[in-house]
Number of protein chains: 4
Amino acid sequence: MSDIKKVVLAYSGGLDTSVIAKWLQQTYGCEVVTFTADIGQGEEVEPARAKAEAMGIKEIYIEDLREEFVRDYVFPMFRANTIYEGEYLLGTSIARPLIAKRLVEIAEATGADAVSHGATGKGNDQVRFELGAYALTPGIKVIAPWREWDLNSRERLMAFAEEHDIPVDFKKAGKKSPYSMDANLLHISYEGGILEDPWAEAEEDMWRWTVSPEAAPNEAEYIDLTYVQGDIVAINGQSMSPAEVLAELNRLGGKHGVGRLDIVENRYVGMKSRGCYETPGGTIMLRAHRAIESITLDRESAHLKDSLMPKYAELIYNGYWWSPERLAMQKLIDATQECVNGDVRVKLYKGNVIVVGRRSGDSLFDASIATFDDDAGAYDQKDAEGFIKLNALRLRIAARAGRKMK
Amino acid sequence: MSDIKKVVLAYSGGLDTSVIAKWLQQTYGCEVVTFTADIGQGEEVEPARAKAEAMGIKEIYIEDLREEFVRDYVFPMFRANTIYEGEYLLGTSIARPLIAKRLVEIAEATGADAVSHGATGKGNDQVRFELGAYALTPGIKVIAPWREWDLNSRERLMAFAEEHDIPVDFKKAGKKSPYSMDANLLHISYEGGILEDPWAEAEEDMWRWTVSPEAAPNEAEYIDLTYVQGDIVAINGQSMSPAEVLAELNRLGGKHGVGRLDIVENRYVGMKSRGCYETPGGTIMLRAHRAIESITLDRESAHLKDSLMPKYAELIYNGYWWSPERLAMQKLIDATQECVNGDVRVKLYKGNVIVVGRRSGDSLFDASIATFDDDAGAYDQKDAEGFIKLNALRLRIAARAGRKMK
Amino acid sequence: MSDIKKVVLAYSGGLDTSVIAKWLQQTYGCEVVTFTADIGQGEEVEPARAKAEAMGIKEIYIEDLREEFVRDYVFPMFRANTIYEGEYLLGTSIARPLIAKRLVEIAEATGADAVSHGATGKGNDQVRFELGAYALTPGIKVIAPWREWDLNSRERLMAFAEEHDIPVDFKKAGKKSPYSMDANLLHISYEGGILEDPWAEAEEDMWRWTVSPEAAPNEAEYIDLTYVQGDIVAINGQSMSPAEVLAELNRLGGKHGVGRLDIVENRYVGMKSRGCYETPGGTIMLRAHRAIESITLDRESAHLKDSLMPKYAELIYNGYWWSPERLAMQKLIDATQECVNGDVRVKLYKGNVIVVGRRSGDSLFDASIATFDDDAGAYDQKDAEGFIKLNALRLRIAARAGRKMK
Amino acid sequence: MSDIKKVVLAYSGGLDTSVIAKWLQQTYGCEVVTFTADIGQGEEVEPARAKAEAMGIKEIYIEDLREEFVRDYVFPMFRANTIYEGEYLLGTSIARPLIAKRLVEIAEATGADAVSHGATGKGNDQVRFELGAYALTPGIKVIAPWREWDLNSRERLMAFAEEHDIPVDFKKAGKKSPYSMDANLLHISYEGGILEDPWAEAEEDMWRWTVSPEAAPNEAEYIDLTYVQGDIVAINGQSMSPAEVLAELNRLGGKHGVGRLDIVENRYVGMKSRGCYETPGGTIMLRAHRAIESITLDRESAHLKDSLMPKYAELIYNGYWWSPERLAMQKLIDATQECVNGDVRVKLYKGNVIVVGRRSGDSLFDASIATFDDDAGAYDQKDAEGFIKLNALRLRIAARAGRKMK
């Protein structure tokens with residue numbers, strides 16, 4: 001273990017990663033660089049500086065990555081209407097590649113030979129961090145303390161902290177949430193505790209970002225979303241940066257009880273796990289993006305995207321954001337978004353996201369053709385006969401040859 | 001046109017198909033057999049008999065197909081979590097193959113050489129009827145009056161009716177809905193009228209099967225759904241037939257404002273069209289089926305199904321239910337459902353369908369492995385290192401060879 | 001028919017399209033512009049000028065499109081290792097989009113309002129020409145004489161020609177091939193005649209571009225192909241343009257009996273048809289391209305391409321080259337080719353194309369890892385255990401839950 | 001290591017697995033059961049008995065699995081026209097699931113708690129053996145000596161053998177092939193040695209099952225293959241069992257220089273590796289199966305199969321034969337084969353497999369429709385216009401909206 005000289009740690013400032021910092025110093029006898037990022041988790045990141053300094057950390061990186069996170073990760077993913085297993089909006093998955101990238105960039109900048117993180121050996125996050133790190137810096141070493149050490153209970157962890165004068169906020173530790181949580185500008189997640197019984201309903205006081213539908217306002221609220229090339233650039237006519245868009249949609253969605261999700265998902269490491277998620281802004285974005293595509297995207301492009309989406313979602317879930325196949329798929333996805341411009345009007349009401357209108361200067365909706373009224377010859381109904389006849393030809397030949405279709 | 005001797009008409013008993021019946025008699029000089037089916041559209045079918053008799057129809061088929069419809073069409077489709085273009089539950093599409101099948105079966109039984117329907121030349125339904133008919137009876141002739149005649153306005157149609165003593169319910173005709181509608185046990189749809197402007201919000205009084213979320217009860221309602229091999233067999237512990245299940249879920253969903261949808265979709269004939277749909281029971285079924293699968297279905301089977309679903313949905317939407325490729329896909333889908341057994345608890349509240357619990361004797365959810373607590377060796381976290389290392393190998397080799405991943 | 005003023009005709013100079021030119025003048029009373037392209041079919045195009053002039057044609061376009069054809073159509077298609085139905089290299093399909101594009105461009109340049117072609121109403125080519133024309137110039141009119149006229153037998157065609165003083169080469173017409181043929185730089189095809197019996201072996205004297213394997217040299221020939229970004233840029237170290245590459249590979253393949261194919265394929269219009277093809281250069285290119293990709297392309301990129309290829313091939317076969325979905329797929333495909341650089345050594349011998357070596361400065365083949373000898377720690381075999389264990393986890397859980405896998 | 005009581009070893013009778021048997025006895029202090037199968041590798045299996053006995057093995061299983069291998073593994077795989085990465089016929093991959101199955105069945109029969117194999121930690125075979133074992137018997141233990149021991153050079157292995165009186169055939173060992181080989185009724189493979197340089201051509205004397213095309217007979221040979229439900233049941237009219245079919249096709253192909261392959265493939269464990277393969281019978285079967293499908297299989301079923309094939313091939317290559325997703329896909333594949341009946345005539349000549357004819361009582365090839373001659377109204381060419389018009393509609397709407405297609 002003596003060949004590690006310096007390690008960059010993804011450091012939240014909390015108890016677990018503080019213990020890791022100390023454990024790394026002690027176990028590897030190496031220098032530790034901390035990296036703390038604001039990706040919209042809703043907690044101050046600056047306090048991490050003092051905590052790191054108290055442990056003798058010399059190189060401390062604290063960064064606000066919210067704009068980069070939404071612009072380069074969240075928005076590209078939503079261009080594909082990405083959902084994992086029909087339900088999950090990939091809130092945790094999409095934040096990991098950015099952290100992995102910064103970890104190895106900081107390793108390069110500081111001359112570190114390893115990176116470290118606080119993800120356990122059972123979850124997906126270890127995979128996402130490490131695949132990203134290896135893909136970007138193939139020679140990097142990765143230290144995953146949860147797979148190595150024997151501090152695998154709350155008690156041992158606390159004991160280690162106490163023993164090594166780690167500044168634990170005992171008041172906070174005392175009332176620790178029974179859930180394992182993760183948050184960023186896209187979502188907050190809950191696992192563990194009573195959720196480990198998939199028949200047990202989540203408790204109301206678990207949820208943090210949204211009110212319940214029951215507690216949401218009795219008045220619906222309409223919002224207009226403006227799209228340019230598949231991304232939202234304005235809300236109710238007001239231009240916003242990507243992070244501002246998502247923050248505002250989180251506020252609106254949260255207020256109206258939008259975006260709670262309770263699922264059992266299949267982890268890449270092979271087990272099923274129960275997770276609850278709040279994704280208020282993302283839930284609005286998914287519906288609205290489909291709506292703007294519905295009038296601007298060609299049918300076959302849309303179907304092509306739909307056919308690739310499960311694969312694309314799986315790639316992101318499994319940690320392959322930084323991979324040639326994800327990059328190639330992104331080229332296809334982005335190529336379809338050039339004309340995905342226009343406005344979507346959405347109604348928010350007690351948990352519902354209801355699309356009520358969509359319009360675009362790039363619309364492919366042609367009322368003069370689709371109309372039930374006289375179309376003045378825009379469409380010749382007789383064409384349908386030949387269309388059906390030739391599409392039926394192979395079926396008729398098969399039926400005549402005695403094939404049974406029922 | 002004289003070579004048609006007898007034609008079986010899909011007859012609703014309404015004005016349009018009454019005019020068609022008369023027009024067929026007149027234009028083709030042929031005998032007309034009417035076929036009227038109860039597939040849960042919510043209107044009496046028996047009155048069609050008197051109307052048909054009044055036009056001199058000798059062979060009149062009136063059938064209750066609700067159980068067959070749900071058992072053999074709706075349920076198999078829901079086993080695949082089928083959605084078209086991310087939103088549409090295919091309520092109209094899935095009813096057409098059954099009608100097509102009965103049309104050609106009745107043609108065979110009555111010695112008819114043709115079938116006829118009242119679908120227009122712009123829509124998908126003509127394709128679905130005719131592909132089905134040709135696939136099952138390759139020599140059948142199809143007459144699609146809307147593509148042939150010149151009665152292509154309301155006024156001409158009414159004039160023809162009056163001229164030929166067709167028993168129009170003028171009171172009803174007078175207050176005719178501004179929408180083109182279609183209903184069956186799975187859904188009711190609306191097209192045309194102000195919906196032809198995709199920016200215009202649908203009017204509240206258009207909706208017929210569901211209350212608005214605003215008007216729904218202030219108290220949530222929990223229901224338990226029991227699955228056997230991917231199909232619901234009981235609600236709240238009470239065994240029900242397929243049609244009973246769907247009718248009861250429609251009642252529950254409708255009461256709680258569940259299942260309204262407003263979309264622009266891509267028709268098979270090449271145009272985009274705005275449609276509004278109410279699918280209360282289907283909306284519940286989709287969420288609940290995903291939930292029961294989430295604990296009983298193997299990950300890769302689930303992902304395989306997800307990757308095929310867009311294609312399967314497209315087949316059904318486009319009218320290829322009666323095709324060898326749909327049958328082959330159904331084999332795959334059904335093979336995955338053998339162990340999709342158990343219960344799902346769902347909460348209905350003002351438009352929301354919230355899954356709160358799922359349990360199964362065939363569960364693959366293994367809490368002893370997934371737990372955040374001590375797992376007593378059920379899972380060796382060290383395995384994750386090798387798993388990640390080998391999954392990363394190709395990426396590291398590529399990166400070392402100078403490939404850029406960002 | 002009087003509203004057509006000027007029509008651009010895809011004119012080969014042969015009997016059929018000469019008759020069409022005359023028929024168009026006569027039937028539509030319109031001006032005819034002829035367009036004759038050299039796409040490597042192996043016949044002089046210049047003689048078409050005199051023939052067109054003899055019919056009073058004023059605007060005559062004769063163009064050498066060989067380089068454009070190979071560079072912008074053939075090469076991009078081969079980047080995807082494209083094969084239709086496991087066998088067919090799409091030699092006819094890939095030429096049509098270029099002709100369609102030039103037809104509508106010339107229509108624009110000459111102020112023509114229509115285009116016309118000599119493809120029949122049973123085949124794929126009409127679809128390819130017309131979809132391309134409509135996609136590029138949505139208001140264009142298309143005249144397909146074979147679907148309109150009554151000259152649907154050789155005799156009537158000859159009679160019409162004679163009657164209208166069309167300069168038929170009677171000597172040539174007399175010994176007309178029993179096959180319907182199409183040729184361009186990528187291939188030559190044969191249909192009809194005895195091939196309409198799929199059990200009948202094609203006659204040896206049908207084949208025109210290749211010797212039979214039996215008649216090929218008894219000495220094998222080795223060639224080296226150099227790739228840059230997925231395209232061949234040199235043969236045996238000699239730089240060549242795209243059309244030169246394909247011409248030289250045709251010469252080499254033809255000499256060694258490479259590239260004959262005899263299949264029954266499924267046409268887009270719904271029928272099966274027997275076709276024989278000679279694609280000497282393309283057959284070499286397909287094998288060699290896979291070989292250069294085998295050492296330069298990442299596994300998952302390669303598998304992604306393979307999974308999309310059947311769809312991409314179908315698009316091209318069906319005539320959707322000029323479509324948003326093909327363009328989006330091309331982005332993905334081309335993105336994977338950036339590092340597909342290097343050399344492939346191929347041995348040609350009596351019909352065989354045998355890859356014997358491949359090398360690249362961008363190789364991902366890492367002998368130090370793959371070796372059966374000591375790898376000096378490049379790969380830790382113990383990693384495989386965790387890799388297998390976690391990949392097996394879901395299977396073990398399922399088996400423990402009683403799932404039957406056999 | 002003391003908790004293993006009895007282990008079933010996949011035992012070839014050769015040096016490596018003999019050393020493993022001894023090493024297992026010594027290292028684990030456990031009983032060893034040997035399992036030796038004839039799957040057509042072309043070597044006697046009975047001699048393994050004496051060798052095992054000499055090492056004190058009490059339970060010795062020697063089985064002829066050739067029929068089961070071809071019937072239940074090779075044939076089902078060929079129904080899908082399965083090829084990995086466009087080239088590889090999966091000869092090694094498809095044999096492993098059968099071995100895995102028998103290993104765990106024998107473990108159950110003998111009360112063993114573990115299985116063991118001689119595959120290295122770098123290859124795919126370890127994965128295939130172990131995934132299969134775990135999927136069928138989730139509680140089984142697997143011992144992979146090559147990942148555990150330190151005998152990782154030829155010299156150490158020989159020393160161990162000598163030291164433990166393992167009956168080495170020194171004469172044979174002395175002239176050991178420089179290649180790592182694997183053989184079964186479907187193929188023989190070569191890896192290692194000079195093949196580790198992908199630019200080096202394989203030496204002629206490496207190949208064992210086929211003559212070179214150069215050395216093959218100067219006379220072509222025609223053979224007729226009869227299919228029932230996608231499987232070959234007779235050659236030249238003579239009924240044969242599955243294993244007989246494959247053995248005879250190997251003989252014929254080998255004689256005519258058919259089925260050599262030299263590729264670089266992507267292993268599941270993440271590296272690229274060079275492999276040479278001889279698959280004479282399989283190469284014939286692949287071409288012939290496509291040919292019989294070409295006249296009996298519906299277009300969309302065929303395309304559906306083609307779109308799934310890469311995934312199916314990947315599953316088999318990666319070791320997931322015993323998985324719910326493979327089983328579900330097999331249902332789809334097998335459902336398409338019901339009418340894949342008839343005869344294919346193939347010409348073998350110096351490495352070439354040339355399909356020259358195909359016929360079937362279940363043919364969907366309808367010459368009366370496809371003909372270039374008068375079709376007596378079987379097909380109405382005018383239908384094509386509507387077919388094209390509606391397929392073009394979305395493209396025209398897009399073009400009119402200003403979308404650029406080129």
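Just so it is clear, glycine is given a Cβ too, placed from its N, Cα and C backbone atoms.
Source: prediction; values computed, not measured.
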ATP site partner of D:A10, D:Y11, D:S12, D:G13, D:G14, D:L15, D:D16, D:T17, D:S18, D:A37 (as recorded in TrEMBL), chosen from D:G86, D:G91, D:G111, D:G118: D:G118
One of D:S177, D:S180 listed by TrEMBL as binding L-citrulline at the site of D:Y88, D:S93, D:N124, D:R128, D:S189, D:E265, D:Y277: D:S180
Other same-chain residues whose Cβ falls within 8 Å of the Cβ centroid of D:T120, D:N124, D:D125, the recorded L-aspartate site, in sequence order: D:A119, D:K122, D:G123, D:Q126, D:V127, D:R128
Distance check against D:G118 (ATP binding site) for the binding-site residues D:S93, D:D125, D:R128, D:S180, D:S189, keeping those with Cα within 10 Å: D:D125
Cα-to-Cα gap, D:N124 (L-citrulline binding site) vs D:S12 (ATP binding site), nearest whole Å: 18
Three-state secondary structure, which DSSP defines for D:S180 (L-citrulline binding site): strand
Averaged pLDDT, computed only over the residues in the domain 'Arginosuccinate synthase-like N-terminal' (D:6-167): 96
Distance from D:S180 (L-citrulline binding site) back to D:D125 (L-aspartate binding site), taken between C-alpha atoms, in Å: 13
Those residues of the chain, 6+ apart, with a Cβ under 8 Å from that of D:S12 (ATP binding site): D:T36, D:A48, D:G118
CB within-chain contacts under 8 A for D:S93 (L-citrulline binding site), separation at least 6: D:Y84, D:N124, D:R128, D:I316, D:Y317, D:G319
Coarse DSSP state, helix versus strand versus coil, of D:E265 (L-citrulline binding site): strand
Other CB atoms within 10 A, centred on D:G14 (ATP binding site): 16
Pairwise Cα distance for D:G14 (ATP binding site)/D:T120 (L-aspartate binding site) [Å, integer]: 15
For D:R128 (L-citrulline binding site), the three-state class that DSSP assigns: helix
Integer Cα-Cα distance in angstrom, D:Y277 (L-citrulline binding site) to D:D16 (ATP binding site): 22
Candidate binding-site residues D:Y88, D:S180, D:S189, pick with smallest Cα gap to D:T120 (L-aspartate binding site): D:S180
